[in-house]
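Asks: The feature S-adenosyl-L-methionine binding site is assigned by TrEMBL to Met1, Gly26, Glu47, Asp72, Asn104. The domain 'Ribosomal RNA adenine methylase transferase N-terminal' annotation in TrEMBL covers 6-190.
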Amino acid sequence: MLNSDINEQLVRVGCVEEGDVVLEIGPGTGSLTNVLLNAGAVVLAVEKDKHMAALVSERFAGTGKLKVLTEDIVKCHVRSHLLSFIGSLNLRDPETRYAKVVSNIPFNVSTDVIKLLLPMGDIISQVVLLLQEETALRLVESSLRTSDYRPINIFVNFYSDPEYKFKVPRTFFFPQPNVDAAIVTFKLKQATEYPKVSSTKSFFSMVNSAFNGKRKMLRKSLQHICTSEEIEEALESMDLPATSRPEELTLDDFVKLHNLIVKG
C-alpha cells in the first residue's frame with residue numbers, strides 16, 4: 001500500500017483534469033483510483049486479481065466514471081479495450097481522445113508494461129509510473145555508457161521523452177520494500193516524431209542483436225546482417241571507431257547505422 005500523499009503526487013504529475021480518460025493498471029483496493037476520480041477523471045482500471053477487481057468495482061459503483069477489467073495487463077488486448085472505452089464515452093473534445101496512464105505497478109512487470117504502452121502514442125499522450133528507483137534512473141538516462149545500458153534504453157527514447165520526477169523513499173510504502181521508488185513520466189511521441197527508419201521491426205531486431213553479445217564489437221555481433229567490412233565502413237562514415245561496441249552508441253547512432261547497413 002502506498003502513502004496517500006504519493007497518490008496525490010502521481011495525479012498532479014500526470015496533470016489529471018476534469019474529463020481526462022485515464023488507464024490505471026493494478027488499482028488494488030482503489031486508493032489511487034479514488035484520487036483520480038476526485039480529480040474528475042474517467043478511469044479504465046485493469047486488475048488481474050478477481051477479488052480486488054470486485055472490491056474496487058463495488059467501492060466506486062456509484063460514480064459512473066469507472067470501468068474495471070479483470071485482466072492481466074501484459075496479456076490482454078489493452079489497445080482494443082482502451083479504444084472501445086474511449087469510443088463509449090462519446091467525447092467531443094479531440095484532445096480528450098488521448099488517454100493518460102497513471103499507475104503504481106508491481107516493479108517486476110515494469111519493463112513489460114513499458115514495452116506494451118510506449119508504442120501507443122496514437123491513443124495515449126502520457127504515461128506516469130511509479131518504478132523502482134534504479135530502473136527509473138536507468139530508463140531516463142539516454143546517454144548512459146555503462147553495463148546497464150541496454151536495448152530498453154533505445155526503445156524508451158525511440159517512442160517517448162522520459163523524465164525522472166522525484167524519488168519516493170521506501171518508508172512511504174506499507175509493508176516496506178527493500179528498495180526506493182521514483183515517479184517517471186513518459187511523454188509519448190506520435191509516429192511522425194519517431195526516428196526515421198525503414199522498419200521499426202528490423203531496427204529493434206538489429207539493436208537486440210547488437211546487445212546480445214556482451215561487450216562484443218558491432219562488426220562481430222551484426223555479421224548476420226552484412227559483412228564486417230561493411231559494418232566498419234558504416235561506422236567510420238559516422239565518425240565512429242570500427243571497433244565500436246553497442247554501449248558506445250546513442251539512439252541517433254543506431255538509427256544511422258540501421259539506415260546504412262539494413263537493406264530494404
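Every residue gets a Cβ built from N, Cα and C, even glycine.
Nobody curates TrEMBL annotations by hand; they come from automatic prediction.
I'm curious about the neighbourhood of these features; can you describe it?
Replies: For Asp72 (S-adenosyl-L-methionine binding site), other Cβ atoms within 10 Å of its Cβ number 13. Asp72 (S-adenosyl-L-methionine binding site) falls within neither a helix nor a strand when secondary structure is assigned with DSSP, and so counts as coil.
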Asks: If you skip the near sequence neighbours and keep only those at least six away, which residues in the chain come within under 8 angstroms of Glu47 (S-adenosyl-L-methionine binding site), Cβ to Cβ?
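Replies: Those within reach of Glu47 (S-adenosyl-L-methionine binding site), by Cβ under 8 Å and sequence separation of 6 or more, are Gly26, Pro27, Gly28, Ala53, Val56, Val68, Leu69, Thr70, Glu71.
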Asks: Of Gly26, Asn104, which of the binding-site residues has the most Cβ neighbours inside 10 Å?
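Replies: Of Gly26, Asn104, the one with the most crowded Cβ is Asn104.
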